[in-house]
Amino acid sequence: MIPTTPQPSRPDRPDRPDRPSRRPRLPRLPRFLRLLTALLLPFALLTLPSSAAGAEEGPSAQAVPWLSVDGNQITDEAGRPVTLRGLSVLAPRHNSECAECDPRPIADMIDLSVNAEQGWHNKVLRLPVTEWAPNDSLSLEENFAQNIDPYVQQAVELGIYVIVDFHRVQNYGDDVAGGTPQSVVREFWEYVAPRYADVPNVIFEVYNEPLAPADWPTWKSYITPVVDAIRGVAPNNLILMGSPNWSTMVNEAAADPIADANTAYVYHLYPNQGPSSAANLDARFGNAAETIPVVLTEFGWNPVGDFSDAVTAGTTKCWGVGLRDYLDERPWISWNAWVFDNYWKPQMFDHDWNLLGGEHQGQFVQNWLSQLADHNQPGVDNPPGAGDDLGVPESHSGTVVENGSAGYADTGDWVTGDTAHGFHGTDYRHDGGPEAAPERSATFTPELPASGRYNVYLWWAPDPNRAPAVPVTIGHDGGTAELTVDQRAGGCDWGLLGTYDFTAGADQGVRISGASAGYTVADAVLFEPVDGAAAAGPAAGAAGGRR
């Protein structure tokens with residue numbers, strides 16, 4: 001995550017693992033013994049005492065294919081494209097910090113994340129690993145035994161991938177104020193990497209969010225010896241590479257990638273970085289993803305309130321929907337949503353463990369994972385129809401008049417904007433200031449395919465600085481209808497103005513006035529046919545994308 005303040009220091013408490021470290025040590029076994037273990041483990045589990053967690057229903061270890069990089073795509077061993085989609089859990093060291101959160105064991109959350117009966121279809125678990133000696137009460141060995149290995153073994157048994165995330169949010173470098181010495185990063189990976197070198201489930205995220213120096217060549221020089229050390233003991237595991245400035249410099253990485261054939265590049269995305277429009281996301285990571293493999297190992301949102309902050313504040317309609325549409329259209333970009341918990345922001349559950357829905361992200365992410373559970377998965381051919389659920393379905397269809405397109409006209413000085421969350425198309429217009437400006441108006445005149453009855457909808461990007469009573473006039477066969485729209489709220493979707501009769505080819509449509517104090521937005525208007533009004537032909541300018 002991109003924090004506004006440094007992460008809290010580690011708790012002074014004796015930590016306990018949420019699940020006993022009793023799982024088979026698959027990394028230390030030769031390959032043929034691992035296969036034998038996978039075959040015999042279900043029978044062995046049946047002999048465990050019933051008091052052992054999950055003994056009667058414990059899943060057997062399941063093999064997954066090794067993952068590799070091919071161009072800008074992650075692939076399985078047969079060369080099939082793979083899209084990893086999953087969840088990040090809370091760093092185990094922090095699971096008891098929030099008294100009002102009624103914390104649940106991390107192991108229980110991992111089990112829940114793959115529980116299809118509960119609606120969850122996590123395919124790749126991200127496990128954040130926070131401090132160890134000398135800044136922690138635990139040694140690296142103790143931290144590994146308590147806070148890494150039990151959960152990695154659990155993920156292996158569940159048959160999913162697991163990202164071991166070196167979860168520092170810190171400057172880097174031996175001579176940088178507050179910087180993580182390179183020796184500390186190497187110490188971690190030289191201990192962890194060989195233990196999972198034979199396990200295809202395990203992915204290495206080498207450094208969560210290096211901050212400064214915000215310079216890719218400096219970072220590349222710092223981290224390359226770490227990659228070389230990993231490759232010396234673990235030649236096959238997929239590596240995920242962060243970058244300075246909170247893991248946001250993938251454009252620089254694309255121009256000068258790490259010299260490793262099996263490294264993908266990390267981007268962390270939150271609403272404070274701007275709208276989920278194609279133009280903004282292209283510039284941040286999408287263009288880079290055309291040439292190098294990019295994985296969003298963190299993204300998330302919640303509306304303003306108890307479950308968000310200045311970095312993560314956004315809504316499902318105005319930010320999450322656009323992000324999903326963008327990523328679904330680019331399945332070569334894998335992702336992990338942040339965070340599958342009720343403590344660190346932006347959470348997916350409230351403090352009573354109710355899944356957050358509506359404009360919060362929890363229910364939306366659950367549905368997203370469920371709908372794409374079988375899409376671009378490793379080890380199988382992508383089944384026919386698996387792409388049918390890609391993207392968020394259009395709420396309405398018909399003839400759209402966008403600002404700046406044919407059928408749009410304005411009077412006065414309107415300003416083009418593209419920074420607000422949730423606008424339609426590529427941009428929007430606003431009337432330039434908070435003062436009332438009755439001399440400014442914007443008109444949307446459709447080229448309708450047929451005369452008939454139409455639902456008329458308005459789209460705007462909301463904000464507290466918007467006009468609370470925007471005058472809107474609809475010209476139709478029966479005359480005119482006048483109403484006002486509060487653009488401070490709602491928006492980010494088609495808002496119904498009413499249903500009216502129109503004559504194709506007539507000078508009829510919607511007029512928006514800047515006469516109300518506050519910023520007035522002119523974005524797009526949709527004319528949706530009712531009762532087969534447009535049966536004579538396809539709707540010109542039909543709504544094809546929400547953003």
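The backbone N, Cα and C atoms fix where each Cβ goes, glycine too.
TrEMBL lists 1-26 (among others) with the feature region 'Disordered'.
Residues or ranges marked as compositional bias 'Basic and acidic residues' by TrEMBL: 10-21.
The annotation domain 'Glycoside hydrolase family 5' is assigned in TrEMBL to 76-340.
For the region 'Disordered' (374-411), same-chain residues at least 6 beyond its ends with a Cβ under 8 Å from one of its own Cβ atoms are 64-65, 67, 76, 78, 80-83, 123, 321, 324-325, 328-329, 331, 424-425, 427-429, 439-449, 454-455, 457, 493-494, 509, 522-529, 534, 539-544, 546. Look at TrEMBL and you will find 374-411 (among others) tagged as region 'Disordered'.
Summarising the annotation, TrEMBL assigns domain 'Golvesin/Xly CBD-like' to 400-528.
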### Query
With DSSP, how much of the domain 'Golvesin/Xly CBD-like' (400-528) is helix, how much strand and how much coil, in residues?
0 helix, 66 strand, 63 coil
### Query
So what's the average pLDDT for the domain 'Glycoside hydrolase family 5' (76-340)?
97
